[in-house]
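J.: Have a look at this one.
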Number of protein chains: 2
Amino acid sequence: MTVSSQQLANAVRALTMDAVQAANSGHPGMPMGMADAATVLFRDYLKFDPAQPKWADRDRFVLSAGHGSMLIYALLHLTGYERPTLDDIRNFRQLGSPCAGHPENFELAGIEATTGPLGSGFATAVGMAIAERHLNAVFGNDLVDHRTWVIAGDGCLMEGINHEAVGLAGHLKLGRLNVLWDDNRITIDGAVDLSSSENIIARYDASGWHTVACDGHDADDIARALGEAQADPRPSLIACRTIIGYGAPNKQGTSATHGSPLGADEIKAARQVLAWESPDFELPETIVAAWREIGARGAAARDDWEDRLANHSDRDEFTRRMDGRLPEGFSLDAYQADLIASPQKVATRRASELALGAINDLLPETIGGSADLTGSNNTKTKAQAPLTADNYGGRYIYYGIREFGMGCAMNGMALHGGVIPYGGTFLVFSDYCRPAIRLSALQQTRAIYVMTHDSIGLGEDGPTHQPIEHVMSLRLMPNLDVYRPADTIETAECWALALARQDGPSLLALSRQNLPQVRDDASENLSAKGAYRLRAATAARKVVLIASGSEVEIALTVADTLEAKGVGADVVSMPCWSRFDAQPRAYQDDVLPDVLPSEILRVSIEAGTTIGWERYTMSRGLRFGIDGFGASAPAPDLYRHFGLTPDIIAPQILAALEQNGS
Amino acid sequence: MTVSSQQLANAVRALTMDAVQAANSGHPGMPMGMADAATVLFRDYLKFDPAQPKWADRDRFVLSAGHGSMLIYALLHLTGYERPTLDDIRNFRQLGSPCAGHPENFELAGIEATTGPLGSGFATAVGMAIAERHLNAVFGNDLVDHRTWVIAGDGCLMEGINHEAVGLAGHLKLGRLNVLWDDNRITIDGAVDLSSSENIIARYDASGWHTVACDGHDADDIARALGEAQADPRPSLIACRTIIGYGAPNKQGTSATHGSPLGADEIKAARQVLAWESPDFELPETIVAAWREIGARGAAARDDWEDRLANHSDRDEFTRRMDGRLPEGFSLDAYQADLIASPQKVATRRASELALGAINDLLPETIGGSADLTGSNNTKTKAQAPLTADNYGGRYIYYGIREFGMGCAMNGMALHGGVIPYGGTFLVFSDYCRPAIRLSALQQTRAIYVMTHDSIGLGEDGPTHQPIEHVMSLRLMPNLDVYRPADTIETAECWALALARQDGPSLLALSRQNLPQVRDDASENLSAKGAYRLRAATAARKVVLIASGSEVEIALTVADTLEAKGVGADVVSMPCWSRFDAQPRAYQDDVLPDVLPSEILRVSIEAGTTIGWERYTMSRGLRFGIDGFGASAPAPDLYRHFGLTPDIIAPQILAALEQNGS
């Protein structure tokens, strides 16, 4: 007996209704509306193998409208992935279930990306499509030849990030990217035309996309549209005209189905409409069998691919890169040895460029870029040709003025695997891509943010361009390593740590202005400990100066002044809070002696907000920083203006010591 | 002698070249490229009066491409504004000069908006245009009848925010908004086509805009295009085809003119090309006179307007609103008295809605809205009809899924004056509009952010939707008051404070879940102090519990447990850090006694990051919070999971006391 597309889709609808009802929370409207389109996609187009969810050459599927998470949970279960089980789905949105409110890539092998923040999944998929074309250029069709599919809603398309993603994908002619737009004309507040009058198709046309429309509840029409999209060399937008909550007779077509359970009565009525007779969470065997057959469809292609890989001359390198392992023996030791031999006084953005020179020669998997600040972020090295529509093999992306799009694209590349993306902008514009950085952290992607012009040290551009709260606010973000290196050596160390880390993002805050090389030894990666004693007190220790980045130089001069007065002062360089907090207590206590402030005064110096530094200075320590907005002037004038020069700081420390002593 | 448009424009070019050269820093390319278009705008179209920069019915002009700040400084000086003086311009980008690297609205009366973060000025102008139409609907043509003009560059148009701004303006049919696009085909990294292949005109057409192109160096053609734009009932994009750095013979048309001084030789060459014979910073008298005449053009219209205002029945109300003063006697006392009489256990988002019910009846100047979460943010009250293209008199904006666009629009409305904007989204999506929030703080606008679903208390939606670091990261932002009220009374107090504040933004972090009313007295606005002793210890005080928002309830229960064991515990509710930090030291010491932790243990409880709380708990205090990402589950399960229930917290406090005592 043949199972119809409609029946297949109704299995998705039934699981959705039941799971949302059981959780008494969730979003039934989207999965029910897009069940037909998703069924056709999985049945006829998507290349996947539930037995090998991480098969490198699988198609990527991203549910950008992540609130409709039951759609993907149902599809993964029905096609035969090991997880989620039916029990997992029964526990939708409960503690411990991998079926979280929104899809989480770390919960289920079949989830390619964490989605929910609208528009970000779509933009992440752009990065996946870039990685695919790049690896195809490097390794050829035999190993890399797949597509990226997206389901996106009106919210994904209305968010600003969509403009950036569409622009980037259109410019790079990512024909392997196909987006199914759930054109249900409903948002949470009501009809889309309450807030938008846009001709979306025309906008996509304007950005070099192929567009096609279909009846999102007519399987044949969907299949036609997907076929056209697959055949077209441009990225495609497939407008699927749907009814939100399709099948719920009294609520469908309204925002009432969007984010609340349908209720027992409506579910009962929907079961009648859909001719779905199985009890809650039960699935007819024939339908399960048909779905499993769909799931089994990709095994042959995967087998063939495995054979091709086994015999491929690039097998080891391809596998290494897809595993995310750095090459055996990768090290920056030689580069650092040169620096020790010939110390350099350069901006840390320039130190980063120098380190990248070595890195990009040693690591073919890096793909750099900048949001239109290449010369300022110092992100491009000689090894890197531009990655363009004509040369996907290039390793440098001109992202344009698209910080958020860049961040999401980096996430997509990292999630795809096989490449290590890094990208630059000014640190103050981390605000523009903050949602992407958070998704890097949550998704545990190795995305590396190169954020230059990291304080008032950038000078004349003024308060709109001067980060004050940014470094600290980024330190608050879970699973993000924020580095603020002090010189060439620390910059290289931080780069090495960022590259070695496989389970999360790193962000480098780098100076515009030149900084002296404060390290004369690179035998150990001291930045790995987050903070370390850069210089020990000579006289009896009364002060510990803690600084990061460009203020380490200042701390050293302050120490000189204090020592000249017989006051012993350690200087602690602290490039990374999260790493220091992860050290053993004994190490922490050695670096920051845990004694009363009346005995040893702790002092922080950082050209940014002081809130937060109480963590290390203790309450009665001193904190030198900036708690208001910056100003426009040459950097040295600003450092004086904000009281961040040794001659202003040292006397205050001496005064505090005197007061404590009295 | 008639002064040609070209000569007028060359005065702008000369001042630009000289100022950037003197500062050895800045962006000459844009002002030189757009000098002709700006000259025609100021000469023939812009309604302004340098003698009265704050004339309410002036046209608003926003330099969205803020890096080209010398353009506006030159124009303001030439047309006769009191500031900047020629000396101010000589000190371009120096400490103390109002001619900052980027235009700052608080530095010069003629600067309508702080710009520089690309795309934000354009989006801010959308808000100005909304305010204009709204006030026109309320007060009529006699008092409000002006336009909003913008100069934007390719960066402004490529940023995601542009999509949101364009969509909102097109949807609301803001025909009074006219944007001059500096179509110079150059970005910092090089040609625009390095990163973009978009047909920008087609995109604007798709969003309901009128579009027109002109030769940006042909005054007659510019005038024609501006005339068409002014006549068209839709918002207009005027594509001005220009050459960046126009007049610098060897560098024009390249990104070399964008962000660096031209150099003495090139300036000399440009002076020849432009036939500009005056020495540095000097201006021919005839040209100054011609510019001053342009500046004098608006005085008559302003006089007429003053007459109309003087005789207008709405004079006092209009003046009050444009001055930003709340109505005499505005108070929420009656509303709060009702709450004291009948305490309510509701979510603070609902408490906010209740407060808004009173506020919106009393204050006709509020304009609410939400980024498509009206029912969740509880931002719409009965008094508010939607503000639409058909009814600009409405007071509620369906912003669509455009958080950043909403924030910028609110800034624009507040900068325009006459209205008090507030807008809602989920707190976690403060990340999406963080650049707008920062610009609210920097520009000192009374924009009020209503951010609901403020912790893991939102439950099942999971980590993508659960703010962890957000409240703390927003507290770091200078000049932003972040409120996290605990109940109905505090919510009303925070609203009153946000509305009363004229020099900066406020952000309310509100719960999704119900919270008991913890206050039984509303005779004094205790939230005004930022933190206060909600309940004093009964037994001898050994503990001070500090909590905010939904965790105040938990702190009270913890206190009960401790008191039952004979351990005295104060409960301090701390809705606003910045306000507490501004209190006199004596008050701070009374609320948080400044004694050694071995004597009184300070404990913070907040369902968010603990970093930062050392400020108030002191280093050896205890901090209960969440330093990783959230999870998907019902809220009570999550509070248990993350250890934030009284039965988990109280024993740890007792153990710490025992350890300290030993």
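If you go along the chain as it appears here, the first residue is 1 and each next one adds 1.
Including glycine, each Cβ sits where the backbone N, Cα and C put it.
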J.: What does TrEMBL list, out of B:Asp154, B:Asp205, B:Asp215, B:Asp218, as binding the same Mg(2+) as B:Asn184, B:Ile186?
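T.: Candidate listed by TrEMBL for the same site: B:Asp154.
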J.: TrEMBL has B:His67, B:Gly116, B:Pro117, B:Leu118, B:Asn184, B:His258, B:Phe429 down as binding thiamine diphosphate; which of B:Gly155, B:Gly400, B:Gly457, B:Gly459 does it also list for that site?
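T.: Answer, per TrEMBL (thiamine diphosphate site with B:His67, B:Gly116, B:Pro117, B:Leu118, B:Asn184, B:His258, B:Phe429), from B:Gly155, B:Gly400, B:Gly457, B:Gly459: B:Gly155.
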J.: Taking Cβ atoms only, which of the binding-site residues B:His27, B:His465, B:Arg512 fall under 8 Å from chain A?
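T.: Near chain A - Cβ to Cβ under 8 Å - we find B:His465.
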J.: Between B:His453 (substrate binding site) and B:Gly116 (thiamine diphosphate binding site), how many Å separate their Cα atoms?
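T.: Just about 31 Å between their Cα atoms.
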J.: B:Glu403 (active site, proton donor): which of the binding-site residues B:His67, B:Leu118, B:Asp154, B:Asn184 is the nearest Cα neighbour?
T.: B:Leu118
J.: Under DSSP, is B:His67 (thiamine diphosphate binding site) helix, strand or coil?
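T.: Assignment for B:His67 (thiamine diphosphate binding site) reads helix.
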J.: Identify, in sequence order, the residues in the chain of B:Gly155 (thiamine diphosphate binding site) that are 6 or more apart from it along the sequence and have a CB within less than 8 Å of its CB; answer 'none' if there are none.
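T.: Within the chain, B:Gly155 (thiamine diphosphate binding site) has Cβ neighbours under 8 Å at B:Ala65, B:Leu118, B:Gly119, B:Thr187.
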J.: Which residue, of the binding-site residues B:His453, B:Arg512, has its CB surrounded by the fewest other CB atoms within 10 A?
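T.: Ranked by other Cβ atoms within 10 Å, the binding-site residues B:His453, B:Arg512 bottom out at B:Arg512.
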J.: For the domain 'Transketolase-like pyrimidine-binding' (B:346-517), what's the model's average pLDDT?
T.: 98
J.: Determine the C-alpha span of the substrate site listed in the record, that is the greatest distance between any two of B:His27, B:His258, B:Arg349, B:Ser376, B:His453, B:Asp461, B:His465, B:Arg512, in Å to the nearest whole number.
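T.: This binding site's residues have a maximal Cα-Cα distance of 48 Å.
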J.: Reduce the DSSP letter at B:Glu403 (active site, proton donor) to three states and note it down.
T.: helix
J.: Per DSSP, B:Phe429 (thiamine diphosphate binding site) is which: helix, strand or coil?
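T.: Looking at the DSSP assignment, B:Phe429 (thiamine diphosphate binding site) belongs to a helix.
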J.: Under 8 Å between C-beta atoms and at least six apart in sequence, can you list the same-chain neighbours of B:Asn184 (thiamine diphosphate binding site), or say none if there are none?
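T.: Within the chain, B:Asn184 (thiamine diphosphate binding site) has Cβ neighbours under 8 Å at B:Gly29, B:Met30, B:Gly33, B:Gly153, B:Asp154, B:Thr242, B:Ile243, B:Ile244, B:Gly253.
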J.: These are the recorded positions: B:Asp154, B:Glu403, B:Asp461. Which one scores highest on other Cβ atoms within 10 Å?
T.: B:Glu403
J.: How big is the Cα-to-Cα gap, in Å, between B:His465 (substrate binding site) and B:Phe429 (thiamine diphosphate binding site)?
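T.: Computed Cα spacing between B:His465 (substrate binding site) and B:Phe429 (thiamine diphosphate binding site) is 8 Å.
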